[in-house]
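So that you can see what the record holds, here are the features copied from TrEMBL:
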- S113: active site, phosphoserine intermediate (ACT_SITE)
- D63, H174, T176, E334: Mg(2+) binding site (BINDING)
- D63, D339, H343, D380, H381, H456: Zn(2+) binding site (BINDING)
- 1-18: signal peptide (SIGNAL)
Amino acid sequence: MKVTILLICSCLAWEGLGKPQFPDQEKDPLFWNTWAQRTLKNALTLQKLNQNTAKNLILFLGDGMGIPTVTAARILKGQLSRQSGEETQLEMDKFPFVALSKTYNTNAQVADSAGTATAYLCGVKANEGTVGVSAAAVRSQCNTTQGNEVTSILRWAKEAGKSVGIVTTTRVNHATPSAAYAHCVDRDWYSDGEMPAEAVQAGCKDIARQLFENIPNIDVIMGGGRKYMFPKNQSDVEYPGEKKHFGTRIDRRNLVEEWNNRMKNKNANYVWNKKELLSLNPNSVDYLLGLFEPGDLPYDLERNNETDPSLTEMVEVAIKILKKNPSGFYLLVEGGRIDHGHHDGKAKQALHEAVEMDRAIGHAGLMTSIYDTMTVVTADHSHMFNFGGYTPRGNTIFGLNSILSDVDQKPFTAILYGNGPGFKVVNGLRENISTLGYGENNYKAQSAVPLSMETHGGEDVAVFAKGPMAHLLHGVHEQNYIPHVMAYAACIGQNRDHCMSSSGASSLSAALPSLTALLTLIRLLC
């Protein structure tokens, strides 16, 4: 009842107001003209392109971070700072170059996170549900793996002598990170405990095993997924009494112990909580394995600040370790639970995850330089998430619209999903949300079509880029173009010819006049 009264009062207050409330300075054309001219001057500086060789590469991947999510996260970021939100800048908004990425899989109009990860990490489009294999591989068919493996930019960087790292808020063997190191025809083969017996017998390897075997000595690995590394039924160090967190490995291998044994003389550390992580001296750590949960890390809104590291904290430690390599580094950072929030219809969880990833982007920017570090921010796919309805300036992003539906005379939130678990009918009519806690962390926003899990969206996603060769990310591109650009910028992988020519370009151009004169003289004499 109280919520209903508040809704009515807010609507009446809005109608009585007659016009939107915004800063007085925005009424003056000079404000907008000055802002635009300042932006223009900044844009003109981009005519001098940064064509340096990228020593370092960082890819921030917001899983499920479609353009509506970016916009809503921007508003949320501003509102968390007590601003109206619309005029706020995300850290990724400050990147000078923006492109669009076409996300479809080879066999799917609307993509999944596995096939897309293969595209933006390995440079080839692939089938949904598969990681690190070409489109010739068929999902769940083990015998289509061999001969169809494709390598990732993380491997290219490692082979070029760079340090490499993976940081994620999901399991380290989830779809996005696994494409960096694994070749698997099924993204769900987290350990051999999730694999069909015939696939194991045929010689296919689970993803957790491949994390430690395929690319020797990945320098930094941080995320969740502890239970997939330990023997079946072995209790978890953090949740010893909860069976759902017990180890899953049928082969009885302890992959963490094996890693510790293999790395014991290499300044390596295994940690499983925030205290252990932040107590490390990065200057004395060369290799780090951090597994902070049996499964995915908790949502940032639900994170225990004493025991669970934030994405920003993990990124800071990772960069401190990786940047010690004079040859540079490649770092993959995934804000993976944006996707999970949307699937559950929990927009508040998803958007706070996006804001935390943006915070990590800003922190990484402070620790690196645009002169030698290429940073790219993108998404693998979008979601059936959107917001609208003629909301007034400064309307809380999780709030109600200022009008009622002219069909059923009920309120509705600005945020809605095209499908998902938020669909609910009461007595044959749409549920009246004015009696619900629509601002709560786990509120499931209304959806048009009932599904137990909301689905991905099929539209293009944004690609933000800064640093050396960032201008090559422009216009509309296939998603698999991304790692080719990053590799080109760093002179790794298959595009290296320009590196040799650029390093010798000045001496060659200086020698050309003399060479031309010599050839002319020879021709005259002959």
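Cβ coordinates come from backbone N, Cα and C, glycine included.
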**Request:** Sort out the sequence-distant neighbours of H343 (Zn(2+) binding site) for me: same chain, 6+ apart, CB within less than 8 Å of its CB, listed by position.
**Result:** G64, H383, G420, M453, E454, T455
**Request:** Using H381 (Zn(2+) binding site) as the reference point, find which of the recorded positions S113, T176, E334 has the shortest Cα-to-Cα distance to it.
**Result:** S113
**Asked** Quick one: which residues besides D63, D339, H343, D380, H381, H456 have a Cβ within 8 Å of the Zn(2+) site's Cβ centroid, in sequence order?
**Response** G64, D112, S113, I338, H342, A379, S382, H383
**Request:** Would you mind reading off the Cα separation of D63 (Mg(2+) binding site) from H456 (Zn(2+) binding site), to the nearest angstrom?
**Result:** 10
**Message:** Which binding-site residues are spatial neighbours of H456 (Zn(2+) binding site) here, meaning Cα within 10 Å, out of H174, T176, E334?
**Reply:** none
**Asked** For the residue listed as 'active site, phosphoserine intermediate', which residues in the same chain are close in space, meaning a Cβ under 8 Å from its Cβ, but six or more apart along the sequence?
**Response** D63, G64, H174, A175, T176, R187, D339, D380, H381
**Request:** Would you mind ranking the binding-site residues H174, H381, H456 by how many other Cβ atoms sit within 10 Å of each Cβ and giving me the lowest?
**Result:** H456
**Request:** Could you list the residues of the same chain, at least six apart in sequence, whose Cβ is under 8 A from the Cβ of E334 (Mg(2+) binding site)?
**Result:** F60, L61, G62, D63, I166, V167, T168, T169, T170, T176, P177, G223
